[in-house]
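As annotated by Swiss-Prot, topological domain 'Extracellular' applies to 20-583, 647-658, 720-742, with the evidence given as experimental evidence. According to Swiss-Prot, the feature disulfide bond maps to 257-287, 275-299, 534-561, 549-563, 657-733. The domain 'GAIN-B' annotation in Swiss-Prot covers 437-579. Feature annotation from Swiss-Prot assigns region 'GPS' to 534-579; the stated evidence is sequence analysis. Feature annotation from Swiss-Prot assigns transmembrane segment to 584-609, 622-646, 659-684, 697-719, 743-767, 785-813, 817-842. Sequence annotations record features per position, and here Swiss-Prot assigns topological domain 'Cytoplasmic' to 610-621, 685-696, 768-784, 843-910 based on experimental evidence.
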């Protein structure tokens, strides 16, 4: 028969005089220190609580132990000094059988959830008469919590200035406040049945928030009720010493949170502490159902903070050597002080980001030793133990992890080919860089990693494979790859659904090159998860994106993905196009662009054919100039868009992508500014009836507005953002949106502002036309022109406005499929809309075109008839007669009025 082991946990309280054998031992908890009469003792008397674990074999030995505790009576004299046991109690009774430990509380002691032995590995049973704590012995941690006396907690606020000395229990000011509070509360509570002691446990900031703990032998409900009954007495006693804040005094019987750092607290309490020595900042915790949870933390190593300040001193005259030395100093500090506090994480990410931006702007190169220092720094802050602190940081800086990833990629691109190959394999990050040579033409590129997650020996593998067919053009200089398991835990996951990153995050950077197909292989971290999605981190929208990536194969442990380069018209406002509708959007884009370009060319041909017939009044001439430039601007913009769509979206050695962005931006702006010129013309001819601006002056205004303003905006945009590499997106050839400067606003704001202005102009003009002021009468020709302008503007402006309005929708709600389809549809067919509503809507142009086509048709028919008549008659059957056309007259009339015609008639008087 196997006998279980039993324990009786006993609680002793000693007082030790000067020179006592207990001394100052860290293993013994000092409860409080009192100054006593020096005549009786040579020094202060200290009170200790001693917790003893005593083993017994059966119930008889247990009874003997209980009786022994009862026989212990003060004072006891020891040879090392005067020791007095003031109380001795059994607290917890435990028995162990077959590896399972079960404990119950002794008389007047109880469990204080979640203090049941080891809260993580034990379960508190409350259904029985005596609540018991049950757990497996092999799971217990080194420190466990046993049954305690009944405790009641209380807090109140003192209207005095808080000082950091109140956080130090050894300081004089702490002792002053604590001793005064304990004396007054003890007087108020000493007559309560079961009351044993009261002790100040903490002071918090917020005036001075004092927390105290009352210990008693009665039940929690009885002790709490008694303390509440004498609450007024306690407040009056405290008010004699301190100015209390009204309504701040409260007591509660259950501490939701209680630990050695933040003390006790009830639900939703917040407690702020200064950081420990050597750090600057504060740490704030909130009491939640699971205990104290850190919600804010700014603890930055003092050395790091100083280093961050020193960085600004080298920016003005920075050199590669200075930057390299700075990174080396940062690496040394991190290596000597590896603590990954939230403040340290934020500070390191900020420093690395600043180094990256400075190096990119100054075109610095990064040596192999500097790159090794960067990877060592990254390995430290990507420690899997720091994930909890990353979670806290991401509450304040949501995209700090994205910023880190982008920074590491940018710094990696600064390593010259001559410093490669390099390979840094650390515990939490792997980095590899190679120079590209002609062997890539034959064998392609492969990058493989093997990393072990925390608390497991099973490796997680990953692989990047680029086929040799992707290197058939001029070769890139370098290929950089890196991988990390921790990044998958800290990069934000979309709020939609409960997805999680289930593999390593792998990054491959090929500068100045275009890759159209890449295969990726991932080991699953958790093989039981299903329905994998192949995604990439979208730096433009700061989220996971599946555009251009799809699942190739899935086994129980391995997922294979394929990613390709995709471009659609929808990138003008949003680079994210859901993969489910991408073929539709792409088809709409290119078919629509073909029709649009053809329509615009037709617009220009029609204008060229009938330019002289239409050019009569100043208003008509100016309108034609505007329409021609609108068509021309959109035509060139569409061509440049196609150029941008055919080059690599990330880089191009000749700068074609940057040029495409600039000219697309410029000519799309020109389109809108020429529309604004149309609006101004319309308002001018209606409102200022008797004012006539000179033709050359009106043209000067038109061309300055139509091309001058767009040129200024475009040049300023590229001049401000290109040096910091924030001008264009990394994934598509278009203006950037994700960075702080947001150069895309340099297009969106003017375009939408012009659309809004033109709507207002149309409304004003329509009102003026319906109710003209007395004396304001236009000529018939000018009024017809104005009506034509109004029709064109009224239809053309809403179409263009809606187009870019739906584009804004693709940014705000990138997951909405309707935004992308409508946006692509309206944008792709803009040229066709201009042909219909800007050219064919004009009745004069329509009539001229009809006449031209009719004349051509009649001429062909006449030629055919004459040819038929000649073939029916014999040769020379009629003598030559120079007057054979007598009686036949050809009438042709051309005019400049609205009823212009070109008509050919044949009549006979015979």
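Cβ atoms here come from the backbone N, Cα and C positions, even for glycine.
Context for these features, please: burial, neighbours, distances.
Just so you know, the Cβ of residue 299 (disulfide bond) picks up 21 other Cβ atoms within 10 Å once every protein chain is counted.
Over the domain 'GAIN-B' (437-579), the average per-residue pLDDT in this prediction is 79.
Around residue 534 (disulfide bond), the C-beta neighbours below 8 angstroms that are at least 6 residues distant in the chain are 520, 546, 549, 550, 551, 559, 561, 562, 563.
Secondary structure at residue 563 (disulfide bond), taken from DSSP and collapsed to helix, strand or coil, is strand.
Same-chain residues lying 6+ beyond the ends of the transmembrane segment (584-609) with a Cβ under 8 Å from its Cβ atoms: 566, 568-570, 577, 624, 627-628, 631-632, 634-635, 638-639, 641-642, 820-821, 824-825, 827-832, 834-835, 838-839, 845, 849, 852.
Around the Cβ of residue 657 (disulfide bond), the number of neighbouring Cβ atoms within 10 Å comes to 23.
Cβ atoms under 8 Å from those of the transmembrane segment (659-684) belong to residues 619, 622-623, 626-627, 629-630, 633-634, 636-637, 640-641, 643-644, 647, 691, 693, 698, 701-702, 705-707, 709-711, 713-714, 717-718, 727-728, 733-735, 746-747, 750-751, 754-755, 757-758, 761-762, 764-765, 786, 789-790, 792-793, 796-797, 800 of the same chain, restricted to positions at least 6 beyond its ends.
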Ten-angstrom check, please: count other Cβ atoms within 10 Å of the Cβ of residue 561 (disulfide bond), all chains counted.
22
What three-state class does DSSP give residue 287 (disulfide bond)?
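The three-state answer is strand.
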Using a Cβ cut-off under 8 Å and a sequence separation of 6 or more, which residues in the same chain sit near residue 275 (disulfide bond)?
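Looking at Cβ-Cβ distances below 8 Å from residue 275 (disulfide bond), excluding near sequence neighbours, one finds 281, 282, 283, 298, 299, 300, 341, 343.
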Which site among 257, 549, 563, 733 has the most other CB atoms no more than 10 Å from its CB, taking these as disulfide-bonded residues?
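Counting Cβ neighbours within 10 Å, the top one is 733.
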Provide the number of Cβ atoms within 10 Å of the Cβ of residue 287 (disulfide bond), excluding the reference atom itself.
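Neighbour count, Cβ to Cβ under the 10 Å cut-off: 21.
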Would you identify the secondary structure of residue 657 (disulfide bond) according to DSSP, in three states?
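Assignment for residue 657 (disulfide bond) reads helix.
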Roughly how many Å lie between the Cα atoms of residue 257 (disulfide bond) and residue 657 (disulfide bond), rounded to a whole value?
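So the alpha carbons of residue 257 (disulfide bond) and residue 657 (disulfide bond) sit roughly 58 Å from each other.
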To the nearest whole angstrom, state the Cα distance for the pair residue 287 (disulfide bond) and residue 733 (disulfide bond).
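Pair distance, Cα basis, whole Å: 49 Å.
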